[in-house]
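S.K.: This is the structure I have questions about; it appears just below.
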Amino acid sequence: MCFFGTVLLLACGDFVFGQDVVFHLLEGDQLGREVGNVADEAGLNNIAGEQDFAHLRYSFLTTQTPHYNYFSINNQTSVLTTNQAIDRETLCEFTNVCFIKLNIAVQSMKSSFFQKVSVYVYIDDVNDNHPVFDKPIIDLQISESVLVGTSITIDGARDADTSDRYSLQSYEVMPNDTPFEINFQKKLDGTSIVRLIVKEALNREQRDNYHFSVVARDGGSPPLSGTLKVNITISDVNDNSPKFSQSVYYIEVKESVNVSSVILTLRATDLDDGKNGKVFYRLSPHQSETVLTSFAIDNSTGDLSVIKPLKYVKGEQHVIIVEASDFGDQPLTSQALVNVTVLDVGNNPPSINLNLLSSDSLAKVSEFASRGTVVAHIAVDDPDTGKNGEIMCTIDNPAFVLQRLENKEFKVTVDRALDRELYQQIHVTVFCKDSGMPPLNTSDSFYVEIEDENDNAPIFDLSVYTAGIMENNNVGDVIVHVQANDADDKNNADLLYSLSESNNGMFYIDEKSGIIRTQARLDRENVSSYSVIVIARDQGDPALSGSATVIISVLDKNDNEPMFNQSRYTFTVNENAPAGSQVGILYATDQDEGENAVITFTGPDSVPFTIFPGGYIKTDRVLDREVQNRYEFIARARDKDHEATAVVTIHLNDKNDNRPKVTSPSQLNNTVYVDKHTEVNTMVTIIRAYDLDSGINSQLIYEIVGRNDSGHFDLHPDKGQVFLKRSLENNIGTFFRLDILVSDMGHPVLSTPATLNIRVLTSNTAALVEPKSSNILIVAILVSVTVIISLAIIVIIVFIRRSDRQRRNQGQVNENFYKGVVENTATVFAAPSEESISEKKKKKGVSFSLENGVDKVSEVTTQGQEFMYDNDMERKVDDSHSLGSASDSGRGGSDDELNSSRTHNNSGDIHSTKKDWYLHHQRSYDAPMQTFLPPSNPPSYHLLPHPGGSQNGRQNYQYSDSMDPGPSDASLRTFHGRTMSYDTNSSSEGLNQNGGPSDCVV
């Protein structure tokens, strides 16, 4: 990068002068470029010796000239670096060779060694400027009579690069098929005289204008270029430029010259005639601002004058470029140089130039510095000569002494021991005067800073820092800024921060600023706070450190949803409970804290319950289980931003608030007809009842509370079945009355009474033989009833279809139900005798009974009370809906009764089955109920003698059912002192004949 030469001119004791070093540096705008090592190039290791060389310090001797601002020197290593951009064209605008001279002071911090080194930095040119024309486009006129070879001068391009290599090198006409070519001559200001030469005869009539470009190129590789657009109109040409009497002028001017004084008259002549030969003068605009503001020239006479006071500067000259141009259509211009030297006049006071041997505004010295250690360099400048230029200086502080180096240079050295603990800075004033008459004096002062040794450890502002940061942070978020202070200076107070290894990699600290940032995403629910040790360490030797504790709290962010402790809640509440009764409590948790963990519970408005914000569920009205026994809805738990849901199911506990409903016998149909030949233990009829309540409140008990039958009949307490217990042979035409009480098992017990009338007929045929006169009436009634039933079925079907359609639209589950209709009347006949069977084969018919003007028809449905079955249960619908039913054969015990008995032998009686359906499918009291006709061909049931005969005095009977083989296991049940056993292994039922009516075995 550089080369150097070193010449040792003078050596005397500990002081060495005249050492020169040469560096070469390319111009450029990069800061901090290394120029070279002054100590290495000057050989100071050999001059100062190895012991002092390690303690040498380097600084500039003067900083008043602007050139020193371009560089900085490391006061310990002597490495010279650039301090700002260096532009060769700015430093040396019109010269081919450019260099800067720097004076470097070398001093020992431990001894009296001192040396001044002169450094010459040559700025080598870089091709960083394009050739530039003053105007991008020019218009020319050339006479058509112009001769071949005629030249036309145009303003050439100017290249700010002035080196021989990278300055302007060539011009070219493009395209090259024009009748013109270029010839040029470089000028002093970097521009050039460019001549456009006519190389072919011009004929305006053939072509009156030309358009081409003139391209100027420098010597770079690749070359940089500038372009001038040329528009030529054929006309005459001015081909002679003015010429000065000499190309360079030298003059001297005293600094006391008056403003507006003419210091030189320049003359230039032009061989052309008329306006082409008339000359005017001007200063070239391409020169320093100092020249343009200090001098002026008369355009007509060429008189050069001073327009502001001049100041003497030793060794400085003003170089002025003067131009002379003619008034031709294309003016021609020539230039001349004027060198003006300003002469010194009178006595001037000296000026002090302090060099504190450091880059700061303070002189610095260690508190352990020995006597004779150099603190500062003083150079006194006085442009006067003789006595007026002789200088003497003194110092006012006893801690330091002033020693002369050269005629006008001094050094300030330590004269006694220093102690920074007593004082940190010392004010020093230097007085200087010349020997003129009268003497002129001046003074300057500076501060000497006593440098500290590293004897203080860093101390944090706080011993414990507390900070908070929101969880779910971004990596790199700022948490806290810690700061420590060190009473020392420089490296001893230059602190680097670090964290102890206990932070688990969650945080990091900027070692310079002390800003602690996150290195990972924090989750308060995992860790809510951290304790981190931060350490501050100085850069002294040895290094000292201090520490502090940083407690980091992770602040909560609402990033967790509430969570119910269970996904489904099931509660129960009593029906008829007053509004505001508590049903249950919902529980939910939120892992957040504070207001983010506040949970509010809500529910839908469409249910008869209120969910309070605290999770309590209460009724908002009195509820009726028989209207709806179960509610299911979505409960919501919400914090500020999130929501969770759970399914709540509330079952209504039944209260015994409904009496049993007796559907058979009824007020309109309470009579059963029994043949006198009916066998003992034959089921005569069934007491039909149901209870809208549920559970034990709907379990019914049947009992006879009043009677006149002398024990001929018995009532099953659970099933409501009426059995013949004694023969009716001697009771022909007798009318028995049984007062029935149907009670539930709730608390309190609710009961409903009913009356059952039983009439004994003389024979089976007696009921079938009717006067012929009544047959016509019966047929008419039968037809009428059939028409009415058919119409009712059509209406019911239409109604059912519409109801199903509505339920589908409401999204409810479509369930099918069967509905039984209890008839007004029916007739039950005992099984016929063998004699009657043959007679029945001859004549088969249906028996009717007319009582009080009301038809009692078996196997025909008439208007009656309604009830419904759930389709989830076994649907068994009675075929006659009467207290008794007559089969074609005339046997006692209707098929429907036996069917009912068989159907519910495992799950309870038919009444509890109706109750269970009503609990599961509650509906509005005012809503119409669907009606279904009973099956047209119900199964038949018969009690037949078992082939095995009697066992242990008990007659066994076969349980015959074509649709169900009977119970699957044997069991024993007791009701009100009566024992009923089921023989399931043989699929038969037996009646205890010894126990009388108190024991019934089925």
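Backbone N, Cα and C atoms are what each Cβ position is placed from, and that goes for glycine too.
Remember, TrEMBL labels are computer predictions, not curated facts.
Features from TrEMBL:
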COMPBIAS  900-910  compositional bias 'Polar residues'
COMPBIAS  952-961  compositional bias 'Polar residues'
COMPBIAS  981-996  compositional bias 'Polar residues'
DOMAIN    48-133  domain 'Cadherin'
DOMAIN    134-244  domain 'Cadherin'
DOMAIN    245-352  domain 'Cadherin'
DOMAIN    357-460  domain 'Cadherin'
DOMAIN    461-564  domain 'Cadherin'
DOMAIN    565-662  domain 'Cadherin'
DOMAIN    666-773  domain 'Cadherin'
REGION    877-913  region 'Disordered'
REGION    928-1002  region 'Disordered'
SIGNAL    1-18  signal peptide
TRANSMEM  776-800  transmembrane segment
S.K.: With pairs restricted to those 6 or more apart in sequence, evaluate whether the domain 'Cadherin' (357-460) and the domain 'Cadherin' (48-133) have 3+ C-beta pairs under 8 Å.
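M.R.: Stretch pair touches.
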S.K.: Based on DSSP, tally up the residues of the domain 'Cadherin' (666-773) by helix, strand and coil.
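M.R.: Breakdown, helix to coil: 11 helix, 48 strand, 49 coil.
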S.K.: Counting only CB pairs under 8 A, let me know which of 48-133, 461-564, 565-662, 666-773 has the most with the domain 'Cadherin' (245-352).
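M.R.: Maximum Cβ contact count belongs to 48-133.
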S.K.: Over the domain 'Cadherin' (461-564), what does the predicted model average in pLDDT?
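M.R.: Taking every residue in the domain 'Cadherin' (461-564) and averaging pLDDT yields 92.
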